[in-house]
């Protein structure tokens, strides 16, 4: 037993040694590849902004709004493929699908290093957007299929941190390329940045093919024993997570009528986008100051990402410990509103602007809490949760596609008045929407809606009679659904033998 792991809540005290071993394996098999994959994805897709500041603008004549258009073509491609991607991942094993896509975007990243014109760069960005789509959205679906509710916040935080880590390292890599590789082999430093990104990406795809498991109900991983595969399913069933029903004809209807799809479509989109000034606008503000060297700009722009890494972990551990998500989101919402108001005013000291930009980095952390809350609220329907993940991520992609064309045009840097008006208004809406999930969850709990839907879903998987023979009318209101379709199973009771799984699951 590890007392530190118990103290921080990594392993709750009631977990058996067997479940702790399983959880360690899941962390290694799933989190390692998912984090490495998404880190490489963010490194590859975000490198263009660092390259832009490091000489690409002049070499390829990317003046005016051309950077904005390059951003938009990437997001147009990835937006279109969001929902289809997560439908595919429920049908094609993840250890084939995600690594193949990763290898493809790695090749298009390599192609970016050798483009000679703006038009060629546009083509590369489009195909990077297409092939990179499954990375975040499919990995986050797989992660949220394996963990219990008191584990989700921390694992989502670790996964989320691959984004700021990728952005940070892109900045450091750019500085290293400018310092050490500029001119080597007749290539500019920014071109070497894309070559190095590809060298990092390709081996990670190979790791995914050999080690990444699929969802628990369709897992053929050689690294988990049969007993561990069964235990992985049982502990989720006892936590209230329904098994996979597979894609059926009514998936569109089930997704559209789920309030989680639309409430979290708005809420997650706002939590992603209201801290946006701490990213590209901060980088461009730093670059606009002639007293700042290129190296200083690249390194300083990573500080907000470092802050977001710390905040993500702190908020996640706190929310898992509290068993509550809303209070972290409210705290973050208040801070993001204050900072965006400061930047909207703009006529403040340089130190105050640094303060606002850096503090916005803190508010990037709670997005993993939003994702964990969403996953918990759709525990009763795995396929709807998967498709809804795609729908929710569309909100982020649409904003990334449309807003730079309207509110964050490169020619308006560094003032971005329209952009700061938008994020300030969005910050107000964000605060207003935070109570909505609590309202709907309490309504559903009173009506027993999720419990009824979970029994129906388990009936499709295990057979109606087998699931419902233990179900009594009063049990639906109590909400204590067990892994065998019966009632009265206590949370945390996961020491189930293989024989019990075979007979009752």
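Note: Cβ is positioned from N, Cα and C throughout, glycine not excepted.
Taken from TrEMBL, the feature domain 'Major facilitator superfamily (MFS) profile' covers 30-444. The region 'Disordered' feature in TrEMBL is assigned to 475-505. For 21-40, 67-89, 96-114, 126-147, 159-181, 193-212, 259-276, 296-318, 330-348, 354-375, 387-408, 420-440, the entry in TrEMBL reads transmembrane segment.
Taking Cβ pairs closer than 8 Å, the transmembrane segment (354-375) reaches residues 140, 144, 152-153, 156-157, 159-160, 164, 260, 264, 267-268, 271-272, 274-275, 277-278, 282, 285, 303-316, 319, 325, 328-329, 332-333, 335-336, 339-340, 342-343, 348, 385, 388-389, 392, 437 in its own chain, all 6 or more past its ends.
Tertiary proximity for the transmembrane segment (259-276) is limited to same-chain residues at least six positions away from its ends with a CB under 8 Å from its CB atoms, namely 308, 329, 332-333, 336-337, 340, 360-361, 363-364, 366-367, 370-371, 373-374, 377-378, 384, 388, 391-392, 394-396, 398-400, 403, 408, 419, 423, 426-427, 429-430, 433-434, 436-437, 440. Packing against the transmembrane segment (67-89) from elsewhere in the chain are residues 45, 48-49, 52, 57, 97-98, 121-122, 125-130, 132-134, 137-138, 141-142, 247, 251, 386-387, 389-391, 393-394, 397-398, 400-401, 404-405, 408-410: each is 6 or more residues past its ends and has a CB under 8 Å from a CB in it.
Ranking 126-147, 159-181, 193-212, 330-348, 387-408 by CB pairs under 8 A with the transmembrane segment (296-318) puts 159-181 at the top. Only sequence-distant pairs (6 or more apart) were considered; of these, at least three Cβ pairs between the transmembrane segment (159-181) and the transmembrane segment (21-40) are under 8 A, so the stretches are in contact. Simply put, out of 96-114, 193-212, 330-348, 387-408, 420-440, 193-212 has the most Cβ pairs sitting under 8 Å from the transmembrane segment (21-40).
Under the criterion of 3 or more C-beta pairs below 8 Å, with sequence separation of 6 or more, the transmembrane segment (330-348) and the transmembrane segment (420-440) qualify as touching. Most Cβ pairs under 8 Å with the transmembrane segment (96-114) belong to 193-212, among the candidate stretches 126-147, 193-212, 387-408, 420-440. When the stretches 193-212, 387-408, 420-440 are ranked by Cβ pairs under 8 Å to the transmembrane segment (126-147), first place goes to 387-408.
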